[in-house]
Amino acid sequence: TGCALGFFLQIYLLDVAQLDPFYASIILFVGRAWDAITDPMVGFFISKTSWTRFGRLMPWIIFSTPFAVISYFLIWFVPDISSGQVMWYLVFYCIFQTLVTCFHVPYSALTMFISREQSERDSATAYRMTVEVLGTVLGTAIQGQIVGKVVTPCIESPLFIGKTNSSVAMEELNMTHDTGSLTDTRNAYMIAAGVIGGLYILCAAILSVGVQEKRESSELQSDEPVSFFQGLKLVMNHGAYIKLIAGFLFTSLAFMLLEGNFALFCTYTLGFRNEFQNILLAIMLSATLTIPLWQWFLTRFGKKTAVYVGISSAIPFLIMVAVLDSNLIVTYIVAVAAGISVAAAFLLPWSMLPDVIDDFKLQHPDSHGHEAIFFSFYVFFTKFTSGVSLGISTLSLDFAGYQTRGCSQPSEVNFTLKMLVSAVPVGLILLGLLLFKLYPIDEEKRRKNKKALQDLR
């Protein structure tokens, strides 16, 4: 669901639901910002949840799933109302983000409650992220291939066919003629939503039946209740956590900007209207296949080295796709190379977060139950800033003169899209890697922390 929304929601709101770019930017920003706010709130409530026969985390996953699937489907439905469409998408996008948070925060925190061993948690994280990236491939494939089979009708701008009265009449005729095709496109989005919703339910069922929380591993419930703001102050005062967040915040933003604008970039700037879903699939397949490579690399050379090598490897290819003339073969090569870097960006933050929590436990041995807060605040900062960036990028397209359902776009829009998928992500990656130099937990520090924790126990 995250991949389908990330890659397709912007182009869906603009060209299928036919919303004004300004309102689309509000939906994207408010939805992501709301999602960010709910993450630490859910993390806090989970830390206060009492143990049940299903565990502490699993009831959140089980009970949120059916409502999340319903709200997800309604995001991809175009209501037959002349006014109120903006509110429709805003409400259901926010409801879905809240419910998927009730799934994702306990799901990601489970890593801390199936083992205390660093090596086992690293291995579990690698498997989890491999399958999670495989899930993004499924999301891209299902959404892209179903929607890609239907050609979304476009309208030739009067700027390109002349500004006579007859051209205006011709545009109106085109809009009438294309109504049937637009209905087919809307139906395709709903079919894709139904298939992905079915997968969501299947995966939640497998998770709830197949994974058991170990009560002896769980330190989730604090001996002394900590308020939301006390928890925030505690984790925000931990230097290693702040430095990890600062580094990955900018690199995550770079890939989210790329994700949010890539479909528009392929469709309009590169001119691959009927190929973009296959290019997206190439990126995500490449990412899936190289997750094990990065897991081997980080165990062999260390996690900080893996960050520098893995994430910086995207830079030359991001520059290449913007500088070179539109070429399908070059675009596929860039897609595969970008996927290798995406794999590192997926795996490494989640692999390094448990190391920070171990470091926190050593510095605060009497303080328990903050694991979910660490995970949820990390997601909070990433999602909030991504909401801001997506909102700003959609507004930028509006200022550049984006033509809704246009067969082609003005040169200003194409230039803006090049900036959003090349220059800006490259700048963010460089800034993130520069900040990451400050992160204090290298391999030697990890080994010392592991021994100290074993002695403490």
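Here the Cβ of each residue, glycine as well, is placed from N, Cα and C on the backbone.
Unlike curated entries, TrEMBL annotations are predicted automatically.
Sequence annotations record features per position, and here TrEMBL assigns transmembrane segment to 57-78, 90-114, 188-211, 240-258, 278-298, 305-323, 329-351, 372-395, 415-439.
Here the transmembrane segment (57-78) sits against the transmembrane segment (188-211); at least 3 CB pairs are under 8 Å, leaving out pairs fewer than 6 apart in sequence. Here the listed stretches are 188-211, 240-258, 278-298, 305-323, 372-395, and the one with the most C-beta pairs under 8 angstroms to the transmembrane segment (90-114) is 372-395.
In terms of C-beta pairs under 8 Å, the stretch of 188-211, 240-258, 278-298, 305-323, 415-439 lying closest in packing to the transmembrane segment (372-395) is 240-258. Counting same-chain residues at least six beyond the ends of the transmembrane segment (278-298), those with a Cβ under 8 angstroms from any Cβ of the stretch are 3, 7, 122-123, 126, 129-130, 133-134, 136-137, 140-141, 144-145, 148, 262-263, 266, 272, 305-306, 309-310, 331-332, 335-340, 342-344, 346-348, 351.
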